[in-house]
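Peer 1: What Swiss-Prot records for this protein is below:
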| type | residues | note |
| --- | --- | --- |
| BINDING | Gly164, Glu179, Lys180, Ser190 | alpha-D-glucose 1-phosphate binding site |
Amino acid sequence: MSTEMLGLILAGGKGTRLGKLTSDQAKPAVPFGGRYRIIDFTLSNCANSGVKNIGIITQYQPLLLNEHIGNGVSWGLDGLNASATILQPYTDNSGSKWFEGTAHAIYQNIDYIDSKDPEYVLILSGDHIYKMDYESMLEEHIKNGASLTVAVIDVPMKEASRFGIMNTDVSGRITEFEEKPEHPKSNHASMGIYIFNWKRLREVLTTGFTTNDDMVDFGKNVIPYYLKSDERVFAYHFSGYWKDVGTIDSLWAANMEFLDGSDGLNLYDRSWRIYSKNPIDPAQVITENAEVNNSMIVDGCYVDGTINHSILSTDVDVQRGSEITDSVIMPGVKIGKDVVIKHAIVGENAQIGDGAVVEGNKDNIKVIGNSERIGVLPNED
């Protein structure tokens, strides 16, 4: 059956700047906002936009991510005319190898894409926090008679040199692409979201480059090729909330923004829900000794200490006398008695022993890795 627009989520990133938090899982699988994982936002955008057939391209440490996505039922992607397909690197008679970049990952999955027979392909990153209607982007793509549409967001001019910058004419047609320019001409930053006409992209990927080494990334290789070939390439301007949470500081800050409800993402919007695979946990327990101020305590938590301006994800235990401030505690963490945690991110299933101090500051967030053990734990003294 033909699919008008097929979604392809690039979810194989290692996320090296997140350090300990991605030592055993891909960046899109990192928890966010108490009950979500980063990839939930892209998957939910697809579901809410009516993009019901999605390929998720994974590579680095995919086990947890694959288990989280499953057959896509949590996002309504398991119906008769819907699907969520995990796509991993494989070897065939041509000697295929690891995905070397964004464009190469799509090239290696041409057979899957052809099986869906799409008119358009929507290529997405699985590691950003945002809400976006891809249907509106497709409508503009068709209206412009575009061969490629690139989603862009305006960033402060002083930060533009950190991004791939799209320079456009008055009609919104992209005339020039600059990868992290020293002296940017505009502030239209690429979001790494693309809509391509599939037949043309397929032709470019299979015949447009001399070797696979010339066809690694969309930003470095494919977009410049389209512009050089005078293809109709347009910018789609997005003005909503969008965060790249690829560093410890940005991940911590985005969680705090969500908690404050200032310019952060509204996760309580019933017209555009963010879905996730959530276990069925008992209600949280907050004892009479506990004190909670401006914090989020998710299902399955036990709190017998003081929580200030922090997020406690599912199944977190905080024993008596402990104090947590300005911190993000990820799922399954066990915190003993009289512990102090400030300006920190504590990774999944970590254990913090009695009396331990985990303290950073706004300019230097302290990180405890997944399953890391700190201090003296019960039965170890």
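Using N, Cα and C of the backbone, Cβ positions are placed for all residues, glycine too.
Source: prediction; values computed, not measured.
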Peer 1: Does Ser190 (alpha-D-glucose 1-phosphate binding site) have same-chain partners at least 6 apart in sequence with Cβ under 8 Å from its own Cβ, and which are they?
Peer 2: Val150, Ala151, Val152, Phe163, Gly164, Ile165, Met166, Phe177, Gly219
Peer 1: Using the centroid of the Cβ atoms of Gly164, Glu179, Lys180, Ser190 as reference, list every other same-chain residue with Cβ within 8 Å of it (recorded alpha-D-glucose 1-phosphate site), in sequence order.
Peer 2: Phe163, Ile165, Phe177, Glu178, Pro181, Ala189, Gly219
Peer 1: Just how many other Cβ atoms lie inside 10 Å of the Cβ on Lys180 (alpha-D-glucose 1-phosphate binding site)?
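Peer 2: Counting Cβ neighbours of Lys180 (alpha-D-glucose 1-phosphate binding site) within 10 Å gives 12.
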Peer 1: Kindly assign Gly164 (alpha-D-glucose 1-phosphate binding site) to one of the three DSSP-derived states: helix, strand or coil.
Peer 2: strand
Peer 1: Where the record says Gly164, Glu179, Lys180, Ser190 bind alpha-D-glucose 1-phosphate, what is the longest distance in Å from one Cα to another among those residues?
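Peer 2: It comes out at 10 Å between the most distant Cα atoms.
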Peer 1: At a 10 A cut-off on CB-CB distances, which of the binding-site residues Gly164, Glu179 has the highest count?
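Peer 2: Counting Cβ neighbours within 10 Å, the top one is Gly164.
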